[in-house]
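Below: one structure, written as structure tokens.
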Amino acid sequence: MSGCLQILTVLLCCRFWALVFSQDQSCCVHHAADIPRCRDACEQLASIRSESRLRHLLHRLPSYCPETLSELWICINNSLPGASRKSDGWVGLGCCELAISAECRRDCKQASSKNDISKVCKKDTENPLYSCITKNEMGSVCCSYAGRHTTCREYCQAIFRTDSSPTVSQISAVKEYCQSVSPPLILCVENYTRLHPTHRPIDSLHCCDRAEEAHCQLACKRILRTLSTEQEIMDGLISECGSQPLPQDPLWQCFLGSAHPPANTDPESPPIAKMDSAKLHCCFKANTSICRNMCVEISTSWGTQSWQEFDQHCEYNPVEMDLITCLADVREPCQLGCKELSYCTNFNNRPTELFRSCNVQSDQGALNDFKLWSNGSIRMPLMNIPVLDIRRCRPEMWKTVACALQIKPCYSRSRGSVICRSDCVEILRQCGDRRRFAEAQTPERICDLLSPTDDPERCIPLNRYLTASELESSVEEVIHPCNPNPCPSSHLCHVNRKGCHVGHDCLPYYCVPGCKLGEASEFLVPADARLQVPVHSAQPGCYEVCVCGQSGRLENCAEMPCFDTSKSCQIAGQRRSHGSSFRVDCNPCSCFAGDAVCSSRQCVRSDSSEEDRRLFTGLPCGCADHFVPVCAGNGRTYPSACVARCVGFTDSQFVFGSCRSFDPCSPNPCQRNQRCVPRRQVCLTDLSEFPCPQYECVSRPSSCDQKLLDPVCDTDNMEHANLCVLNLRGKTLAYSGHCQDACRRPREVCAHNGESYSTVCEAFSERVAVDYQGRCHAVGLESEFGSDSGCNAVPCPPLASDACQPVTPPGACCPVCAGMLRILWNKAQMNIFAKLNRDQPVSLHDILKILRLHVSVPQCDIFGYLSINSEIIILIAPVDQQPTPLQIEACSKEAEKIDSLINSGSPTLVSHVPLSAFLSSELQLSSVRSSSCVSISVCVLLLLCSLILTLTSDL
């Protein structure tokens, strides 16, 4: 533990390292010589001058240099002036040993305030720690009134120094020595003692009934009646009951709960009702009225009712899977990657799998669960399951169960955390103590209630985690900069895709301030985001749109028109409820408040003749696959006038030619003192209500923030820190991002949206992927049944990797290695969002900008376009020119994650405007052939060499 403490001290004080340790490599030479990887990493750190890069690599140093190298860490620690300069006066320092998890304990000892531990020390699992800190904080306030009167201060501090409630003699002593010194101190102490009345041991007698063994229950009651101090009582219970105080043990849970200060029941000052809009989103997914009503009550009036009752009635109710999964998304969103667990080691090194809770706390929780179950009983909200000694009966299987329920792997169609039924039945048949089973209780009946499915996409298959991952290498083909979250508790972590200032190093992530989705919510959204949240009345179908303000609160809320969720859709004689998805022929559809919203794909009828199938183009209205492009008023290029008319545009709403072939600033529509700048966009709202301008008028700025990094490249291939600087210098934008040598000269490409771009950089800048080299000249495939004659003359580029089975996007000619989503959306909702945003149209760029934040792996990026059938097509593809199979798999998993969030209506995604208008999604993935690399060790070796060369060139 001391080694970990030294490591943490180093990480907290990395800015001092640059001043001192960089001049002295003796720590590396003398104490890391036997571990080459550690010595190399240590020496690299010693030579770095960039503080940002130093900080990033320092955070990774423990993965190269284990904490067992205590002399190394002591040496490093001693090289840091100020390493021990934490605030010794922090009142919580004396509480740190009460922390349950080792990581929380370490952070607590290095903290300067409660804010420093909020990310690692969770209030729901570290109750004793936070109760102690709260008590010490109150003591610090009260005793500060003593001023320089040391005797008064000492008697005051004695009241707050122990876990016990203050005794009568302690209170009398404070009054005697402090009454004349400071009446405010007396008043403060009286307020504290009124909130924390003296707790008698016999007040906790009811907790004894929570013990599982009869002899423990009797001993508990005897101890509480005969012993007085809390230490004596705790020692006696540990001795008599034979178990340590684990937080999952119902007996100890009860004692901890009894120690908490009672709620303020003063009728004159009722608690302020706090709202959790994120959880309230989920309440409308409940299938039973009792769970819906309980969910609404605890989401709109936080603190008026415990979640325990809700958990008992709803948490393990199979019919409430949608509700429970939604709440799990809000509490613990699924994230890619898992590593650095010390107990659940088989879950490590899984960079392309999704987990809800891969962290030190859950790792410790799994260990505690296993210890608790070793007592012979598994306590669940609905039942107790008697088991044999699991330390002898399938211990590895039980360890995997404990880890799976704590680490919580996520799967595509259900992100709930239940093990598969067959695993449940197997382990209870072998290790269930049938002599103690309740009447009519069998392994099958237990598992029908707790693990009702064997669908591998809806449950956790234990065999996957009974052995270690095959990816044992630490080489970072796929990294997760934001997992675990490195940012403060009030900030969100975003992947850094902007890069660094020229000549500087930077971290692979950046932190942005956020807002909670309600006073009681833990769910954060980024500043300036527009959110759709339920109204306070919690009436189904009634929402308001708010903005996350700079104050950290939701502001400027405007109510949306309510929609009737009780209305159903009548389709082909069948009734479809609001929010349900279905198909009509080949078209995906969704019912929204009584209206069926469907895509407009062209379908081949089952009774079509061979001639009809031969002539079928897959284009709207059976249009010919001739490429004579027209530019519609929504900013989208369509392959022909026939297609544009068929999808709803009049002849006055389109012109012949592709949209990028026109200069929106000619003639100049701006005022004399303004400059016209092209700003091409594809709008998703009605043109009759919300015009879709392709330019903006900007005034030449007088000055710009050079430190604000959002790089852009001009037509002279000169890079500027941001668009403001480019406009200040009077340059013309070529594309966003750093200038690339590969795009220095024009080389036309055709993108998936049917537009031709001068360079691939221009296409990527508009977040659209490339179909083939050269100017667009063909109508791509719109249907698997359609003719591909238009693509016959197109030379497709080679696939990025021979290892992938590619997908072909709608309207494209060439396949790509990517995960693809085809999203159905509600135009009426888009129009409402535009109306509430000062009549600003909603664009495809707005969609892509938000979705991009949900892609957590830097090796993958998002691209998208509007198909001619008005579906939003999203591609999540590797950014490397020659991606590894693991990177392709990671991109597919990112697409799978977003697809699942859309189809489940998870508030983690659809609370963001305009993503709230999403109805459903169809997923296609690029599968990966495992034979792409002859040997994992060879692949790892090649990648390691590449990494070393890259690091060497950077340094």
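Placement of Cβ uses the backbone N, Cα and C atoms for every residue, glycine included.
Straight from Swiss-Prot, the features:
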SIGNAL    1-22  signal peptide
REPEAT    28-75  repeat 'Knot 1'
REPEAT    95-132  repeat 'Knot 2'
REPEAT    142-188  repeat 'Knot 3'
REPEAT    207-254  repeat 'Knot 4'
REPEAT    282-326  repeat 'Knot 5'
DISULFID  C621-C646  disulfide bond
DISULFID  C623-C642  disulfide bond
DISULFID  C631-C659  disulfide bond
DOMAIN    686-741  domain 'Kazal-like 2'
DISULFID  C704-C724  disulfide bond
DISULFID  C713-C739  disulfide bond
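Everything Swiss-Prot records as a feature, shown here on the structure.
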residue : record         : DSSP class
C621    : disulfide bond : helix
C631    : disulfide bond : strand
C642    : disulfide bond : helix
C659    : disulfide bond : helix
C704    : disulfide bond : coil
C713    : disulfide bond : strand
C724    : disulfide bond : helix
C739    : disulfide bond : coil
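Residue counts for the repeat 'Knot 2' (95-132) by DSSP state, with H, G and I taken as helix and E and B as strand, are 23 helix, 0 strand, 15 coil. Here the Cβ of C642 (disulfide bond) has 18 other Cβ atoms within 10 Å, regardless of which shown protein chain they belong to.
Looking only at other Cβ atoms within 10 Å, the busiest spot among the disulfide-bonded residues C631, C646, C704, C724 turns out to be C631. Model confidence over the repeat 'Knot 3' (142-188) stands at 75, taken as the mean pLDDT rounded to a whole number. In this structure the C-alpha atoms belonging to C739 (disulfide bond) and C704 (disulfide bond) are separated by 20 Å. Counting every protein chain shown, 25 other Cβ atoms lie within 10 Å of the Cβ of C713 (disulfide bond).
Cβ neighbours of C659 (disulfide bond) (same chain, under 8 Å, six or more residues apart in sequence): C631, A632, G635, R636, T637, R680, Q694, E755. Using a 10 Å Cα-Cα cut-off from C646 (disulfide bond), the disulfide-bonded residues that qualify among C623, C704, C713, C724 are C623. Restricting the disulfide-bonded residues C621, C704, C713 to those with a CA within 10 Å of the CA of C642 (disulfide bond) leaves C621, listed by sequence position. Rounded to the nearest whole angstrom, the C-alpha distance between C724 (disulfide bond) and C713 (disulfide bond) is 12. When Cα-Cα distances from C704 (disulfide bond) are compared across the disulfide-bonded residues C621, C623, C713, the shortest belongs to C713.
The sparsest Cβ neighbourhood within 10 Å, among the listed disulfide-bonded residues (C621, C623, C739), is found at C621.
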